[in-house]
Amino acid sequence: MDLGVLLPSLIPSLQSVYVLVSYFVYLAVAGELLPGKVIRGVVLSDGSQLRYRCNGLFALTLLVAILGISAKLGIVSPLVVADRGLELLSATFIFCVLVTLVLYITGRSSSDKSSSLKPHVSGNLVHDWWFGIQLNPQFLSIDLKFFFVRAGMMGWLLINLSILAKSVQDDSLSQSMILYQIFCALYILDYFVHEEYMTSTWDIIAERLGFMLGWWLLHNKVELTVPAIVANCFVFLIGYMVFRGANKQKHIFKKNPKTPIWGKPPVVVGGKLLASGYWGIARHCNYLGDLMLALSFSLPCGISSPVPYFYPIYLLILLIWRERRDEVRCAEKYKEIWAEYLRLVPYRILPYVY
């Protein structure tokens, strides 16, 4: 790439900052004002439960409608993300660094003793900045962790729609682009349909808040054979079934431990750990589904280059690292119960392999 063109495009313009700020302001206002189901989170170590307003699908639908009408009236260009992608990327990166530094400073100075806001300080600045200090920091009553997860999922769809608009304008729409767009849209919409399941995931209940493909198809037209399309759809559907099924089973179990799994009474170790359904196949079976979905997003790009496979490779490394940390945490928390669970469910993510 021409560095003379690349480097200037990485400098955020006022328009890219305006787009980013407007997006976050909308999410904050919509998240607080739009109607939605209020969900109680899992019980934290101090017995408290956070509340989450799950109105993401409403907020996303309204946002897409507003942007669609604005584009029709010429107020906003549907190509703003596709044309200013690098500017928005650098603006978002700078924003993330600043936010996590503020979280680090406010976290260290907090004297709150609740599970959500109690500071966890190791003394290592880089470690505390990267992993975060507080479990559920808030700003103006907004749970920032839940907020930023929602921002990422909605932003993903907006990026894709802008790239789709660009490909239509350039008359470069391909089967691969259509397949990629459908898979991602289904995944994102499904997330918001089942947004309440997010409240019982590792990200929300255990990870503290710290720092931690479409353009390829726009510039590299890939035509897939019918068998390749069928195989890609198969990977997506199996991945979705495992990912959504496993997360749903875990969420329902935490709400009512006696609910049948696949038509049978659940196998529960020590009254706490589910060893039925997907959770009897592998200890982190939901990660397998997530990895298959990530792979299905990249497969429409073909196999001519490893570049489109950055996301599934990155996710594989991230999830293995997270799974290892989760196992250490569970061993300390559940002790002999965890040892019995390991005996019943010996595989971590992929049965008979890992």
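Residue 1 is the first one shown; counting continues down the chain.
Glycine is no exception: its Cβ is also placed from the backbone N, Cα and C atoms.
Summarising the annotation, TrEMBL assigns transmembrane segment to 16-35 (among others).
What TrEMBL records for 56-76 (among others) is transmembrane segment.
If one looks beyond the transmembrane segment (88-106) by at least 6 residues along the same chain, the residues whose Cβ comes under 8 Å of a Cβ in the stretch are 10-12, 16-17, 19-20, 81, 125, 128-129, 132-134, 137, 144, 209-211. Per TrEMBL, transmembrane segment is recorded for 88-106 (among others).
Within the chain, the transmembrane segment (147-165) has long-range Cβ neighbours (under 8 A, six or more residues past its boundaries) at 23-24, 27-28, 31, 56, 59-60, 63-64, 67, 78-82, 85, 173, 177, 180-181, 184-185, 188, 191-192, 195, 198, 203-204, 209, 214-215, 217-218. Here TrEMBL flags 147-165 (among others) as transmembrane segment.
Distant neighbours of the transmembrane segment (177-193): 56-57, 60, 153-154, 156-157, 160, 164, 167, 213-214, 217-218, 224, 229, 232-233, 236, 240, 244, 293, 296-297, 300-301; these residues of the same chain sit at least 6 beyond its ends, with a Cβ under 8 Å from one of its Cβ atoms. Under the heading transmembrane segment, TrEMBL lists 177-193 (among others).
Here TrEMBL flags 224-243 (among others) as transmembrane segment. Here the transmembrane segment (224-243) has long-range neighbours at 175-176, 179, 183, 186-187, 190, 278, 285-286, 288-293, 295-296, 299-300, 302, meaning same-chain residues at least 6 beyond its ends whose C-beta is under 8 angstroms from one of its own.
The annotation transmembrane segment is assigned in TrEMBL to 263-281 (among others).
Summarising the annotation, TrEMBL assigns transmembrane segment to 293-321 (among others). Cβ atoms under 8 Å from those of the transmembrane segment (293-321) belong to residues 175-177, 179-180, 183-184, 187, 213, 216-217, 220, 222, 224, 228, 231-233, 235-236, 239-240, 243, 284, 287, 349 of the same chain, restricted to positions at least 6 beyond its ends.
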**Item:** Cβ contacts under 8 Å made by the transmembrane segment (16-35) with residues that lie 6+ beyond its boundaries
**Value:** 53, 55-56, 58-59, 62-63, 80-81, 84, 87-88, 90-92, 95, 140-142, 147, 150-151, 154-155, 158
**Item:** Contact set, same chain, for the transmembrane segment (56-76): CB under 8 Å, 6 or more residues outside the stretch
**Value:** 26-27, 30-31, 34-36, 150, 153-154, 157-158, 161, 188-189, 191-193, 195
